[in-house]
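A short write-up of the structure that comes next.
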Amino acid sequence: MADSSGQQGKGRRVQPQWSPPAGTQPCRLHLYNSLTRNKEVFIPQDGKKVTWYCCGPTVYDASHMGHARSYISFDILRRVLKDYFKFDVFYCMNITDIDDKIIKRARQNHLFEQYREKRPEAAQLLEDVQAALKPFSVKLNETTDPDKKQMLERIQHAVQLATEPLEKAVQSRLTGEEVNSCVEVLLEEAKDLLSDWLDSTLGCDVTDNSIFSKLPKFWEGDFHRDMEALNVLPPDVLTRVSEYVPEIVNFVQKIVDNGYGYVSNGSVYFDTAKFASSEKHSYGKLVPEAVGDQKALQEGEGDLSISADRLSEKRSPNDFALWKASKPGEPSWPCPWGKGRPGWHIECSAMAGTLLGASMDIHGGGFDLRFPHHDNELAQSEAYFENDCWVRYFLHTGHLTIAGCKMSKSLKNFITIKDALKKHSARQLRLAFLMHSWKDTLDYSSNTMESALQYEKFLNEFFLNVKDILRAPVDITGQFEKWGEEEAELNKNFYDKKTAIHKALCDNVDTRTVMEEMRALVSQCNLYMAARKAVRKRPNQALLENIALYLTHMLKIFGAVEEDSSLGFPVGGPGTSLSLEATVMPYLQVLSEFREGVRKIAREQKVPEILQLSDALRDNILPELGVRFEDHEGLPTVVKLVDRNTLLKEREEKRRVEEEKRKKKEEAARRKQEQEAAKLAKMKIPPSEMFLSETDKYSKFDENGLPTHDMEGKELSKGQAKKLKKLFEAQEKLYKEYLQMAQNGSFQ
C-alpha cells in the first residue's frame with residue numbers, strides 16, 4: 001500500500017500543454033477611396049475616433065432626389081460605421097448660404113416681387129416683356145446644351161402664348177377682371193424671363209444684405225425638414241458660411257502668406273502653378289485628367305464671377321478665387337483686401353479646418369463635386385496646413401438618374417424630396433437605396449421602387465408571422481424546446497448568413513449584398529415555418545425570435561427602422577415603456593377568438609348572414625384600424641398589426657382583382673350566349689337555303705339548293721362540289737337537331 005502511494009506521488013498528474021486554435025483573420029472594413037480609386041483598409045488616425053466632413057447643400061431652392069441620393073447614402077454609411085463597426089464618429093456638415101446662385105436668385109426674387117407689387121398696367125407689362133425677350137433670345141441662341149436649350153424654348157413659347165390674350169384685350173380696350181386675369185397669367189409665365197431682365201438692369205442697386213440672407217434661411221429650414229422626413233440623422237455640428245467669414249478671411253490670409261495665393265483688384269486667387277510646382281504638394285489629386293478643363297472651372301467659379309474683367313485678373317486660367325471683391329448688388333464683408341465675399345471652395349476648407357484640424361479621416365460629397373470643388377478644397381487646405389494629407393479617405397456617392405435619364409427641369413423629370421415622399425414612404429426610399437451600391441449610379445424609377453415595395457412587404461410578412469408564433473401561449477419552460485434537425489439546419493444557415501453579411505459590410509459597406517443575404521435568410525425561415533405548419537407542429541419560438549431580432553437590429557442600423565429617441569430612463573420605471581402592439585394585441589386576440597366561436601356556430605346553424613358580417617369585419621372594418629385577420633382552414637385566425645395605408649391598398653387591389661374576375665366571367669358568359677345564339681341561328685337555316693343567299697359566289701343551284709356553277713357561270717369542279725356537299729350534310733344534321741329540339745320544347 002505504501003509503495004503504491006509513493007508511486008502515485010512520484011507520478012503526479014499535471015495538465016497537458018494547451019495550444020490555441022489556428023482561427024482565421026478577422027475581416028477588416030475596406031472603403032472605396034476616390035484618392036486611389038481602390039478599396040482601401042479603413043484605418044482611422046486616432047483609434048476608434050473618426051472625423052468626417054460632408055459637403056452640405058447650397059440652399060436656394062427645394063431639395064431634390066439628387067440631394068437625397070447623397071444624404072441618405074452618407075446617413076447609411078455613417079450609421080454602419082457608428083452602430084455596426086462601433087467607431088466613434090464626429091460628423092460635420094456645412095450649409096452654403098453665400099454663393100453666386102444664392103445672390104442671383106435672391107436679387108431676382110426681390111426685384112420681381114417689387115415689380116409685381118407695383119401692379120404694372122397691361123400695356124407697360126407687354127412693353128417690359130418684349131424688352132426682356134430680346135436678351136433672352138440672345139441667351140437662347142448662344143445656348144449649346146440641348147436640355148437647357150429645350151427648357152428655354154419652352155419658356156419662350158409659354159410667354160408668347162400668354163402674351164397673345166393680353167395683347168388682344170389691350171387692343172379691344174377691355175378693362176376689369178378679364179384684363180387682370182391675363183396680366184396675372186403673363187406675370188407667372190414670364191417670371192423667369194422678367195427676373196433675368198430686372199436683375200440685369202436693376203441688380204446693382206440691391207444693397208441690403210438681409211435680402212441675401214432671407215432666401216437661404218428659408219430653404220435651409222426646408223432642407224432640414226426634408227432630412228428629418230427621410231430619417232437622416234442631423235450632423236453633430238453644422239457650419240454656415242455666413243457664420244465663418246472671419247475664419248475664412250484668416251484662412252485666405254495664411255494661404256497668401258505661405259506663397260500660394262495672390263491679390264488682384266481686391267480679389268484673392270489661388271496660384272495653382274506655384275502649388276503644383278512644390279515638391280510637397282500635388283494638384284488635382286482626385287481627377288488629374290480634368291485639370292485645365294475651363295468649362296468645369298468656370299462652373300466652379302459661379303455665374304457672377306466669370307466676366308472678362310474677372311478672368312483677366314488671374315495669372316493662369318486654372319487659378320480660382322479664394323476671395324471675391326464684391327461688385328454692386330452683391331453682399332460684402334470687410335477684409336484686408338477691401339469689401340468682398342468668400343469663394344466657393346474656400347468655404348469648406350476653412351470650416352472643416354477650423355473644426356477638424358490639419359487632417360480628417362473622411363470627406364464625403366457627390367460624385368459631381370470631385371473636380372473642381374474637392375480638388376480645389378484639397379489644394380487650399382494643404383497649402384494652408386503645408387501638408388499632403390488633409391483628407392485620408394474621400395468618399396463620393398454615385399449619380400442619380402430618373403428612369404434612365406439625367407434629372408433636369410428641362411426634361412420635366414425634376415423630382416423634389418417632397419414629391420417623392422408623396423408617392424413612397426421614407427423607409428421605402430431608403431430600402432431602394434440599400435438595394436444599390438452607394439458609389440454607383442442609382443436609377444430612380446417605377447421598377448426600382450416596385451422592388452423596394454416588394455422587399456418591404458416580404459420582410460413585413462415575415463415579422464408579422466413571427467409575432468403571431470410568439471403570441472402562442474407557452475409556460476416558462478416550454479419556450480425552450482428540444483431542437484431537431486430542422487432547427488439545427490436553420491440555425492447553421494442563420495450564422496452562415498451573419499458571416500456573409502459581415503463580409504459584405506466589410507467590403508465597402510455593400511448593402512446590396514446584405515439585402516440579398518437577408519432575403520435568403522427570411523426565405524429559409526419561411527420554408528421552416530411552412531414545413532412545421534404542414535405537420536401541425538409549432539415552430540421553435542426562441543430560434544425564430546433570435547433571427548427576427550437580428551434582422552430588426554440590422555434594419556435599425558441602416559435607418560430603415562426608427563430608434564426610440566427618448567432621453568434618460570423610461571417614465572414610470574422599468575418595463576413601462578408603451579408599445580401599441582403590446583397594448584392592443586390582447587384585445588384583438590380576444591376579438592379574434594370570439595369571432596371564431598361565432599363563425600363556428602353560424603356554420604353549424606347555417607346562418608349565412610352572420611358569416612357575411614364576420615367577413616365584413618375582417619375585410620372592411622378592421623383594415624381601417626390597421627388590423628389584419630388571416631383565416632386559415634382548421635387553424636386559429638392569425639392577427640397582425642399592419643400599416644393602415646398598406647392594408648387599404650391591399651383591399652383596393654383585392655377589390656380590383658375581384659372586379660376583373662367578375663368582368664371576365666360576365667364577358668365569358670356573354671360570349672358563350674352569343675356563340676349559342678349564333679349556333680341556334682345557324683341551326684334554324686334549312687340546308688336547301690344555306691347557299692341561296694351567296695349570289696356573289698354562285699350563279700346556279702340544283703333542286704336541293706346545292707351550288708352547281710360559280711358566279712361567272714362556270715360549272716364547279718368535282719372537288720368544289722364535294723366540299724359543298726359535306727357542308728350541306730353537316731347543316732342537314734344541325735337542322736334535324738333543331739327540329740327535334742323544337743318538337744321537344746327545349747328552347748323558347
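For all residues, glycine too, the Cβ spot is worked out from N, Cα and C.
In Swiss-Prot, the L-cysteine site is described by THR96, HIS373, and among GLY56, GLY329, GLY338 the residue recorded at this site is GLY56. Candidates SER307, SER408, SER451 were compared with Swiss-Prot; the annotation phosphoserine appears at SER307. Record note: Swiss-Prot gives CYS348, HIS373, GLU377 as Zn(2+)-binding, and the candidate from CYS54, CYS55, CYS92 in that site is CYS55. Within the set LYS254, LYS503, LYS736, Swiss-Prot records N6-acetyllysine at LYS503. Per Swiss-Prot, the residue annotated phosphoserine among SER282, SER305, SER579 is SER305. Per Swiss-Prot, the listed range annotated as motif ''KMSKS' region' is 406-410 (candidates: 11-15, 206-210, 406-410, 716-720).
For the region 'Disordered' (653-686), the residues of the chain that approach it from at least six positions outside its boundaries are 619, 731, 734-735, 737-738, 747, judged by C-beta separation under 8 angstroms.
Its own atom aside, the Cβ of GLU377 (Zn(2+) binding site) has 27 Cβ atoms within 10 angstroms in the protein chains shown.
Looking only at Cα atoms, SER305 (phosphoserine) sits nearest to HIS373 among the binding-site residues GLY56, CYS348, HIS373, GLU377.
If you measure from the Cα atom of THR96 (L-cysteine binding site) to that of CYS55 (Zn(2+) binding site), you get 9 Å. Note: the CA-CA distance between GLY56 (L-cysteine binding site) and SER307 (phosphoserine) rounds to 27 Å. Mapped onto three states, the DSSP output places CYS348 (Zn(2+) binding site) in helix.
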